[in-house]
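Comments concern the structure below.
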Amino acid sequence: MYDIRGLNEECGVFGIWNHPDAAELTYMALHSLQHRGQEGAGIVCSNGENIFGARGMGLLPEAISQIQLDSLTGYTNAIGHVRYATTGASELSNVQPFIFKHSKGDLGLAHNGNLTNARQIRLALEDGGSIFQTSSDSEVLGHLLLKARSMNEQANLKAALNMIKGAFAFLVLRKNSLSAALDNQGVRPLMLGMIDGAYCIASETCAFNTIGASYIRDIRPGEVLTFTNEGIDEDNYSQYRDSKLCSMEYVYFARPDSEFNRQSVYNVRKALGEQLAKEMNIEADVVIGVPDSSLQAAMGFSQYSGIPNEQGLLKSRYVGRTFITPNQEMRERAVRMKHAPIRDVIEGRRVIVIDDSIVRGTTSKYIVKALRNAGAKEVHMGISSPPLKHPCYYGIDVSTHAELIAAYQSVDDIRAEIDVDSLSYLSVEGMHDVYRRHGSHGECDACFTGDYPVEIVDYLLPEEKEKKTKGV
Ligand SMILES: O=P(O)(O)OC[C@H]1O[C@H](OP(=O)(O)OP(=O)(O)O)[C@H](O)[C@@H]1O
Ligand SMILES: NC(=O)CC[C@H](N)C(=O)O
Ligand code: SF4
Ligand SMILES: [Mg+2]
């Protein structure tokens, strides 16, 4: 089975400390983070004496039944996770949060991101006798925490965080504390909130809106926060800190009602569209966005250019993730199921179609064909991010080199292949400029530039992935 989506989300995490409805609120919060991972979900709770959880494969309602959720009632502390696999198969054993049972104290673990030295650490630990229960990269943090000799949990956590490399937002739940840590370049988002006097933590602020929590602030790179019944301890585990929030969070992944750096993703996406309009000087009659994630960029494009924005493509509500056999013909059929042109908007007009990205080009090829069949006089395509040329090793499945059309074709070749009259991408500088104007302190742009901000130790992993894709 193969997932036809061009871009796949990354996981979402949520945690809450000292609230009587901890499990129910975590369930609701995970529901709002479902766009970040649909392969599996779980909740782990603690109450000062015990750690207990439920997890399963699939979307939240399939993964956690009402009966399981009821069994978590009464616990006051919880962490939750929705998974999209980046390392390790899509199977139940890899669904998080993990529970580690240990004489030093049980713990629950949830991770968004991808560790770039997990394999190296794992091999060393296995050499020393450790036995892993999963094939996930995330498990190494649990082993590092429990192997530490010191009795000081905070010191052990900080030491372990300094051993792992890559992108991570980690939640660690113990009987008497909840810790949240962000990688020292802040590649993944992590937000602090509060509800009824209880602290909560989430990948995106849309989770706070859903449960009625207030958004306090963004967690800073290299920070580790620990919540106990005595309050919050705000600490750093790393001297080196930089700001490299994933650019694709703004472009595509995050929900538009979420905020990073107190700026709504909705506004940033609109501004990306405006910036694209500044850079792309084309005359046309109508601007349309590819639903859903490109609609705001199309609005921004229209507002700047003065070209009217209309709904030229309809997206089927019922095709979320479509699992099909991995051949191009079936993939194209699935895209056809997903988007349908509205002839009245298109016929006889010069159309600018805005999408947020081109991965393989499957979506664009189909859409252009459909717009021409619907009578478009000209079809111009604008992409509200730069060409995706390099894979991501930090928790997002932006494919492999072999699958990224821009990795091996020039913009003009892609233009010819998808059969548009013109094709324009947003410039890397234009993209960063938009983020700067919206409160960001710096972003990762490695999938556009190849300039990876975090060292990749386990190079073998993506290479193996690439070989698999090529069928080598
Ligand atoms: O070039 P391709 O390989 O076709 O991939 C590119 C498409 O993938 C993403 O949308 P996706 O269909 O994953 O989801 P969306 O409906 O949330 O935009 C992205 O927004 C592009 O439209
Ligand atoms: N997308 C993610 O953040 C995945 C987390 C972890 N690397 C996993 O594969 O389970
Ligand atoms: S490489 Fe791209 S997708 Fe991956 S973290 Fe960086 S900006 Fe995000
Ligand atoms: Mg799309």
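Heads up, residue numbers simply count up from 1 along the chain you see.
Backbone N, Cα and C define each Cβ position, glycine as well.
The annotation in TrEMBL ties ASP355, ASP356 to Mg(2+), and of the candidates under consideration, SER293, SER302, SER305, SER410, the one tied to the same site is SER293. Of all Cβ atoms in the shown protein chains, 26 besides its own fall within 10 Å of the Cβ of CYS444 ([4Fe-4S] cluster binding site).
Using a 10 Å Cβ-Cβ cutoff, ASP356 (Mg(2+) binding site) registers 27 neighbours. The binding-site residues CYS246, ASP355, CYS392 differ in how many other CB atoms lie within 10 Å of their CB, and the one with the most is CYS246.
Listed binding-site residues: CYS246, SER293, CYS392. Those with a CB atom under 6 Å from ligand 4: SER293. Residues from the recorded positions list (CYS11, CYS246, SER293, CYS392, CYS447) with a C-beta closer than 6 Å to any atom of ligand 2: CYS11.
Within 10 Å of CYS392 ([4Fe-4S] cluster binding site), as judged by C-alpha distances, no recorded positions are found among CYS11, SER293, ASP355, ASP356.
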